[in-house]
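A.B. asks: This is the feature table in Swiss-Prot:
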{"type": "CARBOHYD", "residues": "Asn10", "note": "N-linked glycosylation site"}
{"type": "CARBOHYD", "residues": "Asn17", "note": "N-linked glycosylation site"}
{"type": "TOPO_DOM", "residues": "1-34", "note": "topological domain 'Extracellular'"}
{"type": "TOPO_DOM", "residues": "58-69", "note": "topological domain 'Cytoplasmic'"}
{"type": "TOPO_DOM", "residues": "93-106", "note": "topological domain 'Extracellular'"}
{"type": "TOPO_DOM", "residues": "130-149", "note": "topological domain 'Cytoplasmic'"}
{"type": "TOPO_DOM", "residues": "173-198", "note": "topological domain 'Extracellular'"}
{"type": "TOPO_DOM", "residues": "222-252", "note": "topological domain 'Cytoplasmic'"}
{"type": "TOPO_DOM", "residues": "273-286", "note": "topological domain 'Extracellular'"}
{"type": "TOPO_DOM", "residues": "310-340", "note": "topological domain 'Cytoplasmic'"}
{"type": "TRANSMEM", "residues": "35-57", "note": "transmembrane segment"}
{"type": "TRANSMEM", "residues": "70-92", "note": "transmembrane segment"}
{"type": "TRANSMEM", "residues": "107-129", "note": "transmembrane segment"}
{"type": "TRANSMEM", "residues": "150-172", "note": "transmembrane segment"}
{"type": "TRANSMEM", "residues": "199-221", "note": "transmembrane segment"}
{"type": "TRANSMEM", "residues": "253-272", "note": "transmembrane segment"}
{"type": "TRANSMEM", "residues": "287-309", "note": "transmembrane segment"}
Amino acid sequence: MNPFHSSCWNTSAELSNKSWNKEFAYQTASAVDTVILPSMIGIICSTGLVGNILIVFTIIRSRKKTVPDIYICNLAVADLVHIIGMPFLIHQWARGGEWVFGGPLCTIITSLDTCNQFACSAIMTVMSVDRYFALVQPFRLTSWRTRYKTIRINLGLWAASFILALPVWIYSKVIKFKDGVESCAFDLTSPDDVLWYTLYLTITTFFFPLPLILVCYILILCYTWEMYQQNKDARCCNPSVPKQRVMKLTKMVLVLVAVFILSAAPYHVIQLVNLQMEQPTLAFYVGYYLSICLSYASSSINPFLYILLSGNFQKRLPQIQRRVTDKEIKNMGNTLKSHF
């Protein structure tokens, strides 16, 4: 993503409901739950759907696919799977928490959402390490930095994400609360289970990958600026690291890191705070809703960041558009010939 993508963070409402007791009543749905939040996330996801399809289409249609392209394509696919599952959760929110799609679909949607969260974190981390070796240590691990092996690495990350999400496949189900509402929720048996699972999810998908990602990009920036200063001090007429490239790389990294932190951190902080609260306050609800919107907004922002911050995507889009147009014209000509 970007190298940072958070479109893939698990913001499903069921994880905030502390559903360790099946008799725990689902709170009366407010206008925010049933109208405002579903509408906002619906708009955000619609935009993200278009943007991520554009990214995947651009990469697939490109003749020369690079190693970063494979990582970005996988992140965009994860965003798409995540966004496609959102209408079901939006429908549940709009109906005041009622789930009408049955138990199997509840398990599938919730589990894929969590699997995508693990996958996004893993892909972002590995891609950051790959960028470090490509720019700072270009002659190391070259045998692993091929398109074929990068595809295998990404498949391995998806498989590992599926395994890490096994608790969700087991415990996500339709729960009937005492007010009669049947909701798709994560059914844990005790507050301790909720505590340990929240810590497990937060650490593995945010607090563990974040330092690795930051270290990789800090080292990349330090190396790039060091090379630029060396060339500048040597007064090279044609420096290998021009100032424009350094500034562009710095700006891109700062933007992507900022988007990652701003979109993911609030939700995970809210989840940790929720563990200590017996009765959520109005401020907590406001923060929770904002964290959800920020998490899903990243799914819409990331594709456009790829396009705006990457010169390769800006060059590829017109080329692919011309190729598609030429192909359509050729097909139309063949069709006309067949009629005469």
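Cβ atoms are placed via backbone N, Cα and C, with glycine included.
Quick caveat, the model's predicted, so the values are computed rather than measured.
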A.B. asks: Would the transmembrane segment (70-92) count as touching the transmembrane segment (287-309), if touching means at least three Cβ pairs under 8 Å and pairs must be 6 or more apart in sequence?
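C.D. replies: Between the transmembrane segment (70-92) and the transmembrane segment (287-309), contact is present.
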A.B. asks: From the DSSP assignment alone, can you count helix, strand and coil residues within the topological domain 'Cytoplasmic' (58-69)?
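C.D. replies: Each residue of the topological domain 'Cytoplasmic' (58-69) counted once, the result is 7 helix, 0 strand, 5 coil.
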A.B. asks: Average the pLDDT scores across the topological domain 'Cytoplasmic' (310-340) and report the rounded value.
C.D. replies: 54
A.B. asks: How many of the residues that make up the topological domain 'Cytoplasmic' (130-149) does DSSP mark as helix, as strand and as coil?
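C.D. replies: Its residues divide into 9 helix, 0 strand, 11 coil.
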